[in-house]
Every structure is written in C-alpha cells, then in structure tokens.
C-alpha cells in the first residue's frame, strides 16, 4: 500500500516536472539617477540605441537622446511628474513609431500619434518609424506637376509644384497660417492628403484651425497633429517628425500629400531647450550646432519620387516667424537655404490692406516655374516686372508730381494689378478663374474701371462666366493653354461683360 503511494507520488512529481514552464520576462532595466525639466539621466542601460523608446515604471515613456559612456540622457514625453531618483527604466528595443495610412485621415492627434479628438482609438496595423532616411537622388524626379494653392499672388508669381519645399516667412499676425489653410482648402477633389502640424501654438488657435477645416469640408482629407504651447518641449520637438512619417506613407504608396509645419521657429526653440538641458554645447543664439541638421533632415523627406517608385509626392510648406522682419536671423536663413523658395509676408502690406500681404520682390519659387500651367505663364509672364516697375514709380511720385503719359498709364495699370491680386481669406480661386482675371488686368480691360471697383468687377465677372460662358472656364481647365481661338473668345467675353458691368 505504502509502495503504491510512493510510486503515485513520484509519477505525479515527474509529470509536474515535465510540464513545468518557467514564464520569465527578460528585460534590461536601468535606474534614474537624476530627473529635471523633462530629461532623465539613467544609469545601467548599456546596449541602448539612439532614439530608442524607453518605459519608466511610472508608465511614462521617453527616448534615449544622449548616449554617454556610463549613462543615458532620456527625453521624457509629457511632464513625468512621478519620475524621481531610483525609478526603474526598461528597454523596449524598438524605435519611435506612429500610426500611418488612411486610418489617421480626418483625425486630430498628438505628437505620439495618439488621438486627442475624442473620436475613439485609431484602428490600424500600419505603423512607421518617425525617423526615416530621405529618398536619394536616383529615387527622385524633377518637380513638374502644379500644386495649386488657390491664391492668385502665389499661383501666378511664386508657383508651387508637387514635391517642392516652399517656406512661408513673415512676422507674427501677417497671415502665414491663413495662406497655409487656404492651400489645404484648395486641395479638395485633388486627391492630396493634407497634414497640418501645429508646434507650440495656443490650443484655442489650433481648435480654430480645425473648425475652419471642418467648415470647408477639408478635414475629410486632412490630419492635424498638435503639440501645443502647453505640451512639453519633447512633444513639440517630435511633432513634425511624426507628421512627415504619416505624409511619407502616402508618398511611398504612389499618392500625393501636403504637409504644413506651423511653425519651425518654435520647433527650433523646443530643440534648443532640450539640448541645453542635456548639456550639449550651445552655439549661435544659444542653439546647438546641429539645429541646421534637424531641419534639413526633416525637409529633405519632402520629395517627388521617380516613376519606378510610384511617382508619389510629398510637398512641404514650413512656416517661420521673423522678429521685426529680420530674415537674416539664424533660423530663417537656415531654412531659406534648405527650401526651394520662400513666400515673404510683410507687416506694412498687411496693414495697408494688401492681403495676402505677399512681398512680390522678395518672394521666389526656385523650381515651381516648371510646374506652372502654360495658361498661367502666358498671362502672368510680365506681371512680376510690371509690379516692380509700379513700386518704383510709386516711390518716385512721392517726390515728383509731373509724370509723362506712359508713366501715368503704367501707374494706373499697376494700381489695378495690385487690386487684382488681393483676396479674402479662406476663399481660394480655381486656376481657370485666376487666368481670366489676371488676363483682364494685364490686357487693359480694367483700365477704365476705378481702382476701388476692381474687386467688385471680379466678384461679378466669375458668376457671369459661370452662367453664360462656362465653356471658356472648362476649356482653360482642360487645355491648360490659351491658344488663339480661346484668347479671342476670352476677349469677346470680357468686352461683353464690360458693357453690362455698371460700377
């Protein structure tokens, strides 16, 4: 009897030993040595990768930014109020990733790609690293397709092409964000996904932007990433990289995307704050030595891909805020040298009622001309020169009252062209309508219209064309060039409208 029991016991023990599984969770763990201002110094993590995501026992997360001989400098997402000396830190062995694809479209996210719009979780299996290598020379193609903003002054004088980087620069309160929002609204029906990255903006300002996009039906094809002024410097620093990762998904899947960084001045300030806390040596204006590189590696990811890669594109419109119109400061000059041109907005023009307040003389597009449609080129070919001569004459008339007839005529024409380029915010104009009104101004159809009535003339001209001659607009849209027949027809239409137009 006792023999049997012993056998039973030994067989049970053997069975248990055979089926025994040890669930052990292997993790590399370090300890926080010090924590201040959103940066933790961690000891005991030797094999950490640069910008690897680390998890704190408090539930906070961060990335390894400084890899030193015996410690790691970790930038903490959020404010890490519960982190203190001795807190455990665990490696995740993965780099920073954000959700990408169509699942993020129409959503408002934070810098980590987490939804903050109260519309539930993002259901997707597609994630992308926020730090990716920019496409090489052989993977690219010259910019040749237009990306129309719907703003006459931009599409005629500083045209933007798909895959271009065009800087919007100016003092605060000059309408920089409005130009960017107009560009987003104008992409409706163009199969372009738009990403708006707000860096260091007020929450109320971002809420206003989202409301505007919803009002014009633009949120259907847009993503908003918000790292507001109340967020930590780490979140403000990461936001543009999260945004560009989402844009790259569409670029690499043979689609088109537009990304707006609003603004990179605040991004540079956030990076300066992080770098100084990490005790990296400061350089000019106390910015670290690699502040140029953080922007160049971000903006180089905007590209027009070659046909073999699917011919997708990512267009970038970075915004930079200047102080008292000083474009020669450190960050503005850096970004001017990285981008393919700039749109310069001026306070004086803004307050004198010329809106959008684009300084035509200082604004330039280095590659967009190749993307401009032929019809726009035909009507705006001499526009820049005419406006420059008008500004010169205008300055001259302040001292001399007696002008010859030719100069008077030029002055009159210039005044009307300035009026033609004025545009209300959030009212982008299709390219065919832009061609018509610029043609009317350039060919003298507005010479007999008083300067104050030019805007009214335009407001009445478009409905007249849509009602009586929709084929003219349709032909400009499809042909993209003003041939002799179309030009003759356009002249006839404008002459007929002038007879019916009463001031």
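Heads up, the Cβ atoms here are built off N, Cα and C, so glycines get one too.
On a predicted model such as this, the values are computed, not experimentally measured, just so you know.
Pulled from Swiss-Prot:
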BINDING   170, 171, 172, 173, 174, 175, 176, 177  ATP binding site
SITE      363  site 'Required for activity'
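Structure coloured by features recorded in Swiss-Prot.
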residue	record	DSSP class
170	ATP binding site	strand
175	ATP binding site	coil
363	site 'Required for activity'	coil
Quiz item: For residue 363 (site 'Required for activity') and residue 173 (ATP binding site), what Cα-Cα distance in Å is obtained after rounding to a whole number?
Solution: 18
Quiz item: In the same chain, outside 170, 171, 172, 173, 174, 175, 176, 177, whose C-beta lies within 8 angstroms of the Cβ mean position for the ATP site?
Solution: 321, 345, 347, 350, 357
Quiz item: Between the binding-site residues 173, 174, whose Cβ has more other Cβ atoms within 10 Å than any of the rest?
Solution: 174
Self-check item: Number of other Cβ atoms within 10 Å of the Cβ of residue 176 (ATP binding site) across all protein chains
Solution: 25
Quiz prompt | binding-site residues compared (170, 175) - the one with the fewest other Cβ atoms within 10 Å | solution = 175
